[in-house]
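TrEMBL has this to say about the protein:
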BINDING   Gly176, Gln177, Thr178, Gly179, Ser180, Gly181, Lys182, Thr183  ATP binding site
COILED    500-534  coiled coil
COMPBIAS  469-479  compositional bias 'Polar residues'
DOMAIN    89-432  domain 'Kinesin motor'
Amino acid sequence: MKKSTPIKQKRARSHESLAPKSDESNKESSPSPVNSRGSSSNKSISSTDSRQSNGFKRKPGSETGSIERLNEDNSFRKISTSYNENEDNINVVVRVRPLNPKEMENGDHQVVEFPGNGQIMVDYPPNNPNEKPKLFSYNVVFEPAATQEDVLQFSGMKRLISMAIEGFRCTCFCYGQTGSGKTHTLTGPPGLIGPKSVAYSENHGLIFRSFMYLFQRIQEQSNTHFILKASYLEIYNEKVIDLLNAGTIRKPLAVRWSKKACGFFVENLFTVDCEELDDLIAVLEEGMRNRSIGRHNMNDFSSRSHTILTVHITSELPAENGVFITRTGKINFVDLAGSEMTKKTQSEGKMLEEANNINKSLMVLGYCIASLSDPKKKTNHVPYRDSKLTKLLADSLAGNGVTLMIACISPAKFNVSETVNTLRYAARAKKIRTKPVVLMDPREALILSLKHEIETLENENKHLRTALRISSTSTPSDKNSNKVKTPPKVDLEKLGDMELQELMELVRLYVKENAELQQQNMELFNSREVLQRDHEVVCRENERLSRKLEGKTKTPDTGR
Ligand SMILES: Nc1ncnc2c1ncn2[C@@H]1O[C@H](COP(=O)(O)OP(=O)(O)OP(=O)(O)O)[C@@H](O)[C@H]1O
């Protein structure tokens, strides 16, 4: 069996110092940066909790519990959150960015509040005494002071990475209006990733941190061979552009349907082998360099396209009998372009065309989410084919994947209607249910199952043979006992070296032998039953005759 080169077990560049330090988050000053569903608010946790790591500690004995952060003075500060690893297949978290300098300059104020337990309250419509504030509930809500590391630790991203390693198709996508912090969450502030990028910054976003975590997990599994490949594309004005092979012409690539994989794929998309962490980071840098960015009234570095960075993870795990189990998982990082009100962004010309395309594809995504989240509509048509974005996300939303949606919002009153729209969108996405499955190499899965079958049949046939031998000694007249042809004897340890055809032939012989042995056993069983019945009849007749004989010998005594 072909084996691939394992991922090199060495750390890359200067990222060795990247592991989050326990006091990394101490610089935060807000009392409640994260809150989440199911948290037991204001419950304090003993500082002797053994499950303490990275400056955080969790409620003992439960995966769901409050998270507190370690302060510089070694006391723990409640950050009002709970962390539940076993969430739905589509987890939805909300990240609220801080008010930006422009909003503060304009005297804008915050219209969102955080009641805890994964809830967020929005004063909408603002300052209307006749309307109650809108309350929404999610898996986790990250408040403005939450750090980039908080997002990795508590969004469920680590679970997603582990699942991708196990062979699931996973997707993390950021959704929200323009300027709400999607790119910041995924990659960090503008200029951080690029030729002059620093080795490590606390501003590094979720992608960078996920790569780190991915390599850490892979290096822990020294008995498994991993092959990592990455691709990076953007959907700009409904055209798919390869960000790793963009060239000067930026030739668009076709999105096609694969019958075999039952999904859409991008034809001729460049995939790069990534043996080391640095290779993945180089992919991120290259893609970020080539993506389309523009400046408008609400964001100086606005993404003018949707981007999808995919890491394919193939693992080869040695199983029994020299067989390898191959699994291919993947993880997509999707940075959606922000929905925008063109009046507010004052987009015109090229920018306006981009905005219209962005809004259109997001609208189609919205329709798909609405259809999928409504059990009544689910059987109806889901309009994936109406945009390239939804074609490529179809699998993540409704197929066999596991998805994390990070809804990014601004806290400012100026953006409140877009904020409520995003929160509604996210609430709908939360209702979608998927059915995740592990992707295994079908040929190797077949070989493995054939080997199990051979072993089971061999054991069963052995028992049947023994049963026949026992029966045939008790019924020496039986003529069938030696009629069955035994398959050639194989060393079970060497099954791994056999070709698929040989294995299938072996299974066929074992199945044949099994059927014949079953037949013989059945015949023997039937003839034994007949013998038993005859035996019973003879016994009963014997008894009757004995009783009769007894009666005859007793009569002369009583009569005279
Ligand atoms: N949580 C945050 N903390 C600090 N700064 C943030 C945060 N979120 C966003 N910002 C800053 O706000 C600005 C806009 O953010 P970003 O570019 O990520 O928005 P976006 O949602 O990706 O916008 P677009 O859809 O236009 O691309 C950036 O300067 C970014 O660094």
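From the backbone N, Cα and C atoms, a Cβ is placed for every residue, glycine too.
On the structure: features taken from TrEMBL.
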residue: Gly176; record: ATP binding site; Cβ contacts under 8 Å, 6 or more apart: Lys182, Leu336, Gly338, Ser339, Ala407, Cys408, Ile409, Thr422
residue: Gly179; record: ATP binding site; Cβ contacts under 8 Å, 6 or more apart: Asn100, Met298, Asn299, Ser302, Gly338, Ser410
residue: Ser180; record: ATP binding site; Cβ contacts under 8 Å, 6 or more apart: Arg97, Gly338, Cys408, Ile409, Ser410, Asn415, Glu418, Thr422
residue: Gly181; record: ATP binding site; Cβ contacts under 8 Å, 6 or more apart: Arg95, Arg97, Cys408, Ser410
residue: Thr183; record: ATP binding site; Cβ contacts under 8 Å, 6 or more apart: Cys174, Pro190, Gly205, Phe301, Ser303, Asp335
Arithmetic mean of per-residue pLDDT over the coiled coil (500-534): 82
Distance filter, Cβ under 6 Å of ligand 1; input binding-site residues Gln177, Ser180, Gly181, Lys182; output Ser180, Gly181, Lys182
Give the helix, strand or coil assignment DSSP yields for Gly179 (ATP binding site). coil
Neighbour count (Cβ, 10 Å) for Gln177 (ATP binding site): 25
For the ATP site given as Gly176, Gln177, Thr178, Gly179, Ser180, Gly181, Lys182, Thr183, which other residues of the same chain have their Cβ within 8 Å of the site's Cβ centre? Arg97, Cys174, His184, Asn299, Gly338, Cys408, Ser410
